[in-house]
Amino acid sequence: MCWAGRRMLGTFSLLLVLVHTAAACDFGPFPYRATGIVCRMTKPAALLLNQETAQVIQAAFRNAQFPNITGERSMRLLGRVAYGLSNIQVNDLSIERSEVELKEDDAIYISIKNMTALFKGTLTYGYAGAWFLQLFHSVDFEIESSIDLQLNIDLMCQKDQVAPDASDCYLTFHKLTLHLQGDKQPGWLKQLFTDFISFTLKLVLKREVCKEINAVAQTLTNFILDLAANFVRDKDIIVDVSLASDPVIKASYIESHHKGLVLYKNSSSMLSDSVFSPSLLTESRMLYFWLSEHSLSSLAAAAFSDGRLLLSLRGEKLQELFEMEDTEMQRKAVQMIFQGTSYNDSVAKVWSLTQPQISLQPEGTVVRSLVAVEVSILPPGEEPLVALYMEKEITVTIQATYAEKKLILQPVDSSAEIKVFKCTADPSGEDPSIQSFLQNMILVAGIPEVTSSIGSALTSLMNSKRLDLFDIINPEIITRKGYAIVQLDFGFPSHLLLNFLEKSL
């Protein structure tokens, strides 16, 4: 609405979207009152992410820029021995086990166990003083290592956004073995330089790996935040997802609270009486989104102001609407309205005359609006002729579901009251066959067609934001008085993060 090697980095970056420390942000004494959107991720989701993103951790190791390591030491008989390690690279990194722990009211703890890595490079050494001597040698080297890595992720709030600090990073070396020119047998040269450089090498590896992890964490956090911001933005309509209050970090879940205000051009909605409470969400699913009635109503208002609540039908769609049933009354009414004109030469427009009023109730989302319906005949070479115009006060209860990567809006109850009626075939507005047919057509076919079209448009919009790349499992959309809850399990497309890293690092 984070990391350390491939597997851990995926977890860390995504968890960062949900939590932050409160020290840098002041949300006042009643922060929940300004909460319009809430995101809760439970421990099973964190464990799944931890398993799916091992490649991201490896990307951090591969992209670490190791500096050349130099040093010298006085040796009996040999005089001074100077050495340097250069062109250090990481190969063949593998992770045996990764663990994530949510420390209540503290931070995210990530532990990587038995991580093995092969470091390769070039060793240059010279005797009797310094590098400017003519006597020097260069050999290729390999370093076999076995490492445990621990991270305590501190999360900060900067300008109401998440900022990670992964500097609390520890590498514990269980094994650090130097091989020269592929020689696996111990020798005096190998022993000499192992003694010289092991301590320094450990410090350099720790510093550079931890620095890269911190950089990758920040890069991925910005990527996720940009992805979220883009998801709730479409042209001039923007949803403000900046933080509204301190996060909640429990042993079983983490939760973030966002303003959820809708920004449209120079205007913004206001929210100061949110009904959110942490007790409204459970822990049985992997991911929860809590949405306030205010946020959804504000989105509808912005869509109305932007002229998006308009639907045009012609051809087959228009025929399906007006020929929903084959009765004498229907045939008579259609003949009178269209006067024998083909559906391909006619168009029906449906639009909202007033801002839709949205109310979230246990039975569904109740939408009320004054709607206009206009049917025009388009004679070739002539001006359009308005055959029918009417205004109706519509009330419809909609239940929403998400299946097969499509948002489905299903009207379960509806009513319509005619406010204005004009028809060239019935100037007096007293023909019972037309009145009855149109009333039935709107309730049986018109409202379902409009809601279906809105559902398809919203699906296309969400898929344009790459929602269809995610594996969403058994989603449920639950409405209650004043709010809605979306709860689901998911599979995360880790290749998104990996592809982003490969392009960014």
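Every residue, even glycine, has its Cβ placed from backbone N, Cα and C.
Automatic, uncurated: that is what TrEMBL annotation is.
Quick caveat, the model's predicted, so the values are computed rather than measured.
Taken straight from TrEMBL:
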- 1-24: signal peptide (SIGNAL)
- 40-267: domain 'Lipid-binding serum glycoprotein N-terminal' (DOMAIN)
- Cys169-Cys210: disulfide bond (DISULFID)
- 281-488: domain 'Lipid-binding serum glycoprotein C-terminal' (DOMAIN)
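On the 0 to 100 pLDDT scale, the model's mean across the domain 'Lipid-binding serum glycoprotein C-terminal' (281-488) is 90. A 10 Å cutoff on Cβ-Cβ distances gives Cys169 (disulfide bond) a total of 20 other Cβ atoms nearby, all chains included.
Using a 10 Å Cβ-Cβ cutoff, Cys210 (disulfide bond) registers 21 neighbours.
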